[in-house]
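Listed in TrEMBL for this protein:
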- 21-43: transmembrane segment (TRANSMEM)
- 69-88: transmembrane segment (TRANSMEM)
- 93-112: transmembrane segment (TRANSMEM)
- 124-141: transmembrane segment (TRANSMEM)
Amino acid sequence: MDKPNSKSTRKNYLHSKTDNRGLFVGGIVVLLIAITPFLLYAYESFPETQIWETSLFRLETSFPNWYSFAWYFTSKAIPLYLLLLWFFTCKHWWHWIILVPIAMYAFQLWGVINESNSLDELEIYYIIPLMLVVVPAVYLIRAKLFNKIRGKDLKSFEAELMEKKSTWDQIKDLFK
């Protein structure tokens, strides 16, 4: 092990650059997560009046007051922010399913921004088409991945799908 040409004593400079970049990006992600509580409670600095007037601008809202608007906004924006961070940093095969709550919070945030009176009521009708695409696609990816791991071929996979099974057997198959 004391030989100068030993692999364990040589420093690989090619990987140290990548490691530094990874540490930097990881540090940025940690910082973005760490500031979340401060962003969540930012609504407390908004005025409790319907008209917000400063020397630079004058804003009006249809919400009872700016405090309420900011509370609704942060209660939708912060989970969306965290879900987007999770989606873009997740390396698992199932990360596409995170698009469903992302879409839900995005529609709810859009309702807050548009100052809609029907908050959190109709978003499910817009989410259903997305769910009809994403959920089966993720399940198909999962099924193909697990069949490849188990060594099953596509014909046995199709035969298994064509079998009549009870509801309980179908539920058990989901957790194999």
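The backbone N, Cα and C atoms fix where each Cβ goes, and this holds for glycine too.
Listed by sequence, the residues of this chain that lie at least six past the ends of the transmembrane segment (124-141) yet keep a Cβ under 8 A from its Cβ atoms are 93-94, 96-97, 99-100, 103-104, 107. Sequence-distant neighbours of the transmembrane segment (21-43) (same chain, 6+ residues past either end, Cβ-Cβ under 8 Å): 67, 70-71, 73-74, 77-78, 81-82, 85, 89.
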